[in-house]
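As recorded in Swiss-Prot, the features of this protein are as follows:
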COMPBIAS  1-19  compositional bias 'Low complexity'
COMPBIAS  26-49  compositional bias 'Gly residues'
COMPBIAS  73-86  compositional bias 'Low complexity'
COMPBIAS  87-96  compositional bias 'Gly residues'
COMPBIAS  97-106  compositional bias 'Low complexity'
COMPBIAS  658-668  compositional bias 'Gly residues'
COMPBIAS  669-680  compositional bias 'Low complexity'
REGION    1-54  region 'Disordered'
REGION    73-149  region 'Disordered'
REGION    658-680  region 'Disordered'
REPEAT    161-182  repeat 'LRR 1'
REPEAT    207-228  repeat 'LRR 3'
REPEAT    230-251  repeat 'LRR 4'
REPEAT    253-274  repeat 'LRR 5'
REPEAT    276-297  repeat 'LRR 6'
REPEAT    299-320  repeat 'LRR 7'
REPEAT    368-389  repeat 'LRR 10'
REPEAT    440-461  repeat 'LRR 13'
REPEAT    463-484  repeat 'LRR 14'
REPEAT    486-507  repeat 'LRR 15'
REPEAT    532-553  repeat 'LRR 17'
REPEAT    555-576  repeat 'LRR 18'
Amino acid sequence: MNLCSSGATASTTSLSSTGQAERSGGVPGGGAEGGGGGGGSGNSGGGGKTSDVSAEASTLCFAGGSGTAGAITGTEELSNANSPANGAGGASGSTGSGQQPTGSNGHSHLHNENNANMPPETRPKMVTVKHPESNKPKPTTKKSKPIQADQDVIKALQRCRIKRLDLSKSSITVIPSTVKECVHLTELYLYSNKIGQLPPEIGCLVSLRNLALNENSLTSLPESLQNCSQLKVLDLRHNKLAEIPPVIYRLRSLTTLYLRFNRITAVADDLRQLVNLTMLSLRENKIRELGSAIGALVNLTTLDVSHNHLEHLPEDIGNCVNLSALDLQHNELLDIPDSIGNLKSLVRLGMRYNRLSSVPATLKNCKSMDEFNVEGNGITQLPDGMLASLSGLTTITLSRNQFASYPTGGPAQFTNVYSINLEHNRIDKIPYGIFSRAKGLTKLNMKENMLTALPLDIGTWVNMVELNLATNALQKLPDDIMNLQNLEILILSNNMLKKIPNTIGNLRRLRILDLEENRIEVLPHEIGLLHELQRLILQTNQITMLPRSIGHLGNLTHLSVSENNLQFLPEEIGSLESLENLYINQNPGLEKLPFELALCQNLKYLNIDKCPLSTIPPEIQAGGPSLVLQWLKMHSPYRQIDCYYQYELQTVNQAPGAGGNGGGGAAAAGGSASRSSDRR
């Protein structure tokens, strides 16, 4: 029995790109020509011109669960049918006379009066499309909806004479055998459904070039799929495949194969048959071994085998000489083969989070690489001069390894680099002059190392924008830090600093200054010169007072001074108009808050836990920060003065002969002053 025998007649109805139901011979009266769509121009309505839109431009999309015969998406919008000013007016299905289609329940029915006298078997089929502006609620997901969706799929396939069919996100559970009628299809999109298996009739789509089956529940593929010999792109991401279906190896025309996020444990040697593959994604599976067959895929440009359980790579990987992107991150790799040096077209090599203790010296041959990332391994040193050989590198990430010193190779290895990350290693010093050629270096992360001092030439890092030196053993900052005038982020938390140099005030572009968990007792007055500062973190130090110049930090939104020895807050804190978050908790000597704090109108969060605020009643403190701020406002002398002047003005305006007798006004003011004095 031939699965692909067709029972369709020549008069089968299809949906043209204008969104109009038309027979293969064309429907007179109406139909936009040339551009179609909601706002497209063209010849519209009347005149009896036949629409002749090519099948290549046609697209049928199905909106699942709507209960309609089908919905049209893309550039065509039938909701614009009521606008006679554009070409879509004809495309909406209105008659040549311009009669507006009508419907009920927010739906517009395609209708043509000229069809009334036609025999029933030759009339164009009706398509119902929901208006976007309809207030009718969309149906909720119910058990019965997929059944309705499957029925609508059958109807859609019966009309199928197009080249691109989109049935994605439609709650489809079954693809009917009538799919064999769609022999003209070149693109079929079935992603985000509930399909458990494909019918054998899928093999009848011999013109298919793009098949998207991602986000379903497929566990296998039918053998008949091998008949789709022109298939170029196959997407099977997010399914339930326990192996690569054998039929895939017979699809010799494949150029792109997505198998991400399945349950695949092995790759068969038959993979070598897919010699036309340029992109292969096996990401997020359970693969433990990648066989030598990978070396036969000489046209590969992208290979993603990340997030698997690979321990080794075959030497044959070096045969994939056209690879530009190789992602090996989040595996269990113990080594990288020397043949990796053959991949001279390699631009991106991801080796993050494996079990590597070294990398091969042959990597220096991959001179096209612009990023080198081995984060999260156990590497102690790089081959001599390797980074210097990779002169195109702009980003180097060596974080979370076992480096005890900077890589050998001198200043030349950082010539074109703008970002260096050596976080979480065991480096105890930054070599003098190591960045002397790194004129473009803007970001340096040395967090969680063993630094006790900074190099004397730190003042030459003039282009530095972000400097992270947190969690080291630094005891002082050199005065030359003043030369880093492009610095915007300075992280010095968890060190052993006792003071901050006055020259800190020269860092006029600084936005974030983090000094948490040091031994600082006093902040320099020059801190007030950092007018761009937005976050100042002083938590867990030994600070007894804040400088009054802090009131000049008009852009400050976050201030943390918790866990210190504050005795008071300066009145100037009321000048911080942008302040949103203030942490002053756990200051055992802080007994009162300045009334000026109530002037911080943008303050959203105030933490005063474990502060002995003796001047504020306990019941107010128990009510939380918002009640404390309200109490400060109510008892602020500024509020009393304001009330005094408001009362005085009101009294003057209400006095007999106000404005004409200065003495009367003075008396009233005096009375109000007396009452204000009594209140005080």
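Every residue gets a Cβ built from N, Cα and C, even glycine.
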Intrachain neighbours beyond the repeat 'LRR 5' (253-274), with Cβ under 8 angstroms and 6 or more residues off its ends: 214, 229-244, 246, 280-297, 304
Within the repeat 'LRR 13' (440-461), residues counted as helix, strand or coil by DSSP: 5 helix, 3 strand, 14 coil
Long-range environment of the repeat 'LRR 15' (486-507) - Cβ separation under 8 angstroms, sequence gap at least 6: 442, 447, 462-480, 513-530, 532, 537
Positions on the same chain near the repeat 'LRR 10' (368-389), where near means CB under 8 A and six or more residues out: 324, 344-361, 395-405, 407-410, 412-414, 421
Long-range Cβ neighbours of the repeat 'LRR 13' (440-461) (under 8 Å; 6 or more residues past either end): 399, 414, 416-434, 467-478, 480-484, 486, 491
Residue distribution over DSSP helix, strand and coil in the repeat 'LRR 15' (486-507): 5 helix, 3 strand, 14 coil
Per-state residue totals over the repeat 'LRR 10' (368-389) - DSSP helix, strand, coil: 4 helix, 3 strand, 15 coil
Residue distribution over DSSP helix, strand and coil in the repeat 'LRR 6' (276-297): 5 helix, 3 strand, 14 coil
